[in-house]
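Report on the structure given below.
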Ligand SMILES: CC(=O)SCCNC(=O)CCNC(=O)[C@H](O)C(C)(C)COP(=O)(O)OP(=O)(O)OC[C@H]1O[C@@H](n2cnc3c(N)ncnc32)[C@H](O)[C@@H]1OP(=O)(O)O
Ligand SMILES: N[C@@H](CCO)C(=O)O
């Protein structure tokens, strides 16, 4: 970041935390990134499955959401204080399966308790209080991050002014749970998983890799694969069923390997379970009834071709909110990235935020005055598609 922009990475200690299940984690810590002026209005960002608290990052290592959050972007840390926590159950410094259980001095691994999206949100609320934050202007997140956004709005309805759930439905569908179940089975049936007791340098690589490959199939679209790979061959066409004949196979294998390099298999299992737990209506009379509890304004975004969280379901959710008299709008983004578009189409999501919440996300001041900001801008991806206006956008 430029010298003028404050960026802190740290950990907050929360002490014991009673989970939704009734189990108690005796010592909980959350890793966080805190970027922007300390006195500025706070935007809380919630990360997705394999993201981390490094939302903005640095010019040398831009964070996972650099297309949307950063100098010159819609969520600009020159005027907003942007805070992200690594989720409870995560693997980037927050308490999770890799952490030491203080009761016996051993890593939890597969003995870590089941955590839900609500547990993640409660931990973050305690984390914000530790950081001296009692109100945020917006909570933003996509996918598993969007689940946290929806829960934030019900668990602490007056804590924020605006909720921005992206690529998420009010409850995880049977179809999405089914893919998660297959992913988990891929990991747990790899003999290298060893009931979670694998050494750090010998993880269940085949299982985790396979789980990611299955996941990637649901995060993208047939259109993207057709355009990128078509039937292009990697090697000459042979007759061995073990060969990697097509480019698309090579790509998928690489995506699997890449995750093995950067993610813990046990944490992946727990986070998939947390995703399965997502249902804003659980214990609240169903999602339609639960929706009555929102008090903050909502700008919800769906992504064309999202197999897991179909835009039409998000749109119906917003229609229901509006029928309840809530201040909610829906906008849709077209992208061949499908579900993953929430991560890469930052320019389009930024346009939606500027249009519907200009008081928080005004047109950016040029980043050129800040050389590091310009470098971050250059690092972001260009969006090729345009935002699709929705008839129910305000
Ligand atoms: C951006 C980050 O910070 S990632 C690390 C933190 N984690 C996160 O942010 C979680 C969320 N992020 C993600 O899910 C992803 O990073 C996304 C969706 C944002 C982008 O996905 P990517 O995998 O980077 O994009 P994409 O699908 O274009 O794949 C590109 C990779 O496939 C490789 N590739 C492309 N075609 C082929 C092929 N035929 N055979 C083998 N590899 C191939 C590219 O070389 C490239 O490799 P690289 O990642 O080492 O540069
Ligand atoms: N690509 C996303 C998918 C889940 O939203 C991730 O890895 O977090």
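Cβ atoms here come from the backbone N, Cα and C positions, even for glycine.
Nobody curates TrEMBL annotations by hand; they come from automatic prediction.
Residue 143 (active site, nucleophile) is surrounded by 26 other CB atoms, counting those within 10 A of its CB over all protein chains shown. Following the DSSP three-state reduction, the secondary structure of residue 143 (active site, nucleophile) is coil. Among the features that TrEMBL reports, active site, nucleophile is placed at 143.
The active site annotation in TrEMBL covers 306 (among others). Residue 306 (active site) is surrounded by 29 other CB atoms, counting those within 10 A of its CB over all protein chains shown.
Secondary structure at residue 339 (active site), as computed by DSSP, is helix. Summarising the annotation, TrEMBL assigns active site to 339 (among others).
If you look up TrEMBL, you'll see 212, 340 marked as substrate binding site.
Positions annotated as compositional bias 'Polar residues' by TrEMBL: 385-394.
Residues or ranges marked as domain 'AB hydrolase-1' by TrEMBL: 41-320.
If you look up TrEMBL, you'll see 360-394 marked as region 'Disordered'.
In sequence order, 183, 255, 256, 258, 259, 260 are the residues of the chain that are 6 or more apart from residue 212 (substrate binding site) and have a CB within less than 8 Å of its CB. Ranking the recorded positions 339, 340 by other CB atoms within 10 A of the CB puts 340 at the bottom.
Reduced to three states, the DSSP call for residue 212 (substrate binding site) is helix. Cα spacing between residue 143 (active site, nucleophile) and residue 306 (active site): 10 Å, rounded to the nearest whole number. Note: the CA-CA distance between residue 306 (active site) and residue 339 (active site) rounds to 4 Å. Residues from the recorded positions list (143, 212, 306, 340) with a C-beta closer than 6 Å to any atom of ligand 2: 143, 340.
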